[in-house]
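Features reported for this protein in TrEMBL:
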ACT_SITE  94  active site, electrophile
ACT_SITE  166  active site, proton acceptor
BINDING   9, 10, 11, 172, 212, 233, 234  substrate binding site
COILED    9-36  coiled coil
Ligand code: PEP
């Protein structure tokens, strides 16, 4: 059975005291689903979050990392640095990173390789923009993002890859892909994996949906057979809302 995963991406929100408050609120929540739970605080609070969450079933994960092991990359963070503070999972290729920091599938392929070389799990994000959806090109775009960033990998690498389909037009906009649109794309992605790597790999990879998932729509989205969880932005900043989504499985 595929893992259910609900991951909260806190983005550039929460200073140290707000991070402490939210972590404390999260620790008070009760999980009634089988979902793996992750939260991604900003880098400066990541070590603190890791230590605070150590005895819980919530994993602290990173929002990004550089592909180089070390060197002259001012302001960047390496896989080795993340591992050294206990972090084993990293979100890569979020649409905001692609849009504002020029991340490309080629640079993301290198980041994926760096994560794998350091035995880290990647949550690889991708998704079409509104114009692509309007012109009916969403599958072409998503297929090229996945092929260009991941299809150089060997099949066994996929034990450390989680996919996150995030249509850009649904992120932070309040607009959600309908459960049917999400299912259609997730099934397409799984078929793409199957064509390249076979059914065993395709059926083992968790594919998350992201884009305005809230307590009031999570259950219906998660009920779709190829939706294995969610990457949550805004609604992950309130512990009760986030756990209402975690418990929607
Ligand atoms: C995200 O940033 O990955 C995201 C899905 O944000 P939101 O839930 O706020 O749309």
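Including glycine, each Cβ sits where the backbone N, Cα and C put it.
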Within-chain partners of the coiled coil (9-36) [C-beta distance under 8 Å, separation at least 6 from its ends]: 3, 42, 44-45, 48-49, 52-53, 56-59, 63, 91, 94, 96, 210, 229, 231-233, 236-240, 242-243, 246-249
DSSP-derived class (H/G/I helix, E/B strand, else coil) of residue 234 (substrate binding site): helix
Which of 166, 172, the listed recorded positions, has fewest other Cβ atoms within 10 Å: 172
Integer Cα-Cα distance in angstrom, residue 234 (substrate binding site) to the residue listed as 'active site, proton acceptor': 14
Entries of 10, 172, 233 (binding-site residues) sitting next to ligand 1, with Cβ under 6 Å as the cut-off: 172, 233
Recorded positions (11, 94), the one with most neighbouring Cβ atoms at 10 Å: 94
Under 8 Å by Cβ from residue 212 (substrate binding site), same chain, sequence gap 6 or more: 170, 171, 172, 173, 174, 175, 176, 234
Confidence summary (mean pLDDT) of the coiled coil (9-36): 98
Distance from residue 94 (active site, electrophile) back to residue 166 (active site, proton acceptor), taken between C-alpha atoms, in Å: 8
